[in-house]
Amino acid sequence: MGCLGNSKTEDQRNEEKAQREANKKIEKQLQKDKQVYRATHRLLLLGAGESGKSTIVKQMRILHVNGFNGDEKATKVQDIKNNLKEAIETIVAAMSNLVPPVELANPENQFRVDYILSVMNVPDFDFPPEFYEHAKALWEDEGVRACYERSNEYQLIDCAQYFLDKIDVIKQDDYVPSDQDLLRCRVLTSGIFETKFQVDKVNFHMFDVGGQRDERRKWIQCFNDVTAIIFVVASSSYNMVIREDNQTNRLQEALNLFKSIWNNRWLRTISVILFLNKQDLLAEKVLAGKSKIELFVLDDRLFQERPFSFIEDYFPEFARYTTPEDATPEPGEDPRVTRAKYFIRDEFLRISTASGDGRHYCYPHFTCAVDTENIRRVFNDCRDIIQRMHLRQYELL
């Protein structure tokens, strides 16, 4: 006599069969997802604020994700106008605060300064024609230009000159930003942003996180399964201070941050690709530094001023530094620029070699994040390094 308790209806058997097939599909998909995950190169962009990390991400979009469409460009118009407004406001506001202060070359422009300062904190500013008129006239004033040349003494966005030079273009009603405009546009990064792209059928995920001090606590969320860290440095920031405290030297902040990442116990096996960024601005500063020392009088006191800051004013060891034998200057590069950029490189390499244990390495590259061809070339050079790191990550090498 059969046991009725073990008998199954046709419907039950069909349901179990369907469940087994569903489980197989899920298992197969999980296996596929695991393979895709393991085959993906995850790159974590780190660095201090305003070093150029987000610009690197934009370049990856231009180079590998079909760039920016019309809608995306349209949404950036307001950000670009805000950059322009912030630039002229910051410069004219700084003129009276510098020591010695800077005066307008044309005193008749004072009413324009008054206008710019009066709209500083206006919410939802609508950029009327008179704003562009006043901004352009002030930007052409030699006193305003002199204040701009001393921008290391206050906090000014890097794109200030670029957008102030384009006032006549930006003010047009039918203005459409170029790729270069989008690369130059500065928007504070807050949080974590992921960009996915593919190069020669290899998947890359690039994570961009805010670089300001209060954003860095979020970095640890991104450390898991990272293939490589791209650490971005504003090489031109040797004579500037960070926004957070207006005291700490920006390049020294980057060196301290690099040291903390290099020695982080969670990252001891993760190699670092070092992007020594803003080489164009570094070259400008170094070459401007050849200006002679000037004297000025303020309140019957004699002051000595270098119109442009020398690296040794901030890093005294630069005075004893000689260009290394492994230096490979760019064609036509001034020897002073070569010496400066390799000094900065070697400051970072001193950190990596001092505490290196053979489990991770530092690969330096000189970059200009707003130069698409430079980033294309550098990233192509880095791909073999990243591939090797990826193979080592999964113990295939």
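Numbering starts at 1 and runs along the chain as displayed.
Glycine too: its Cβ is placed from the backbone N, Cα and C atoms.
Quick caveat, the model's predicted, so the values are computed rather than measured.
DSSP classifies GLY47 (GTP binding site) as coil under the three-state reduction. The annotation GTP binding site is assigned in Swiss-Prot to 47-55, 182-189, 208-212, 277-280, ALA369 on the grounds of similarity to another entry.
Annotation comment: Swiss-Prot describes 8-23 as compositional bias 'Basic and acidic residues'.
According to Swiss-Prot, the feature domain 'G-alpha' maps to 39-397, an assignment based on sequence analysis.
Here Swiss-Prot flags GLY2 as N-palmitoyl glycine, drawing on similarity to another entry.
The S-palmitoyl cysteine feature in Swiss-Prot is assigned to CYS3.
According to Swiss-Prot, the region 'G3 motif' annotation covers 204-213.
Residues of the same chain lying 6 or more positions beyond the ends of the region 'G4 motif' (273-280) and with a Cβ under 8 Å from any Cβ of it are 47, 51-52, 56, 158, 228-237, 258, 341, 344-345, 348, 362-371, 378, 382, 385-386. The annotation region 'G4 motif' is assigned in Swiss-Prot to 273-280 on the grounds of sequence analysis.
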Among SER51, THR55, THR189, GLN279 [binding-site residues], residue with fewest other Cβ within 10 Å: THR189
DSSP helix/strand/coil residue counts for the region 'G4 motif' (273-280): 2 helix, 5 strand, 1 coil
Cβ contacts of CYS185 (GTP binding site) (under 8 Å, same chain, 6 or more positions away): LYS76, ASP79, ILE80, ASN83, CYS159, PRO177
Count of other CB atoms lying within 10 Å of the CB belonging to GLY47 (GTP binding site): 26
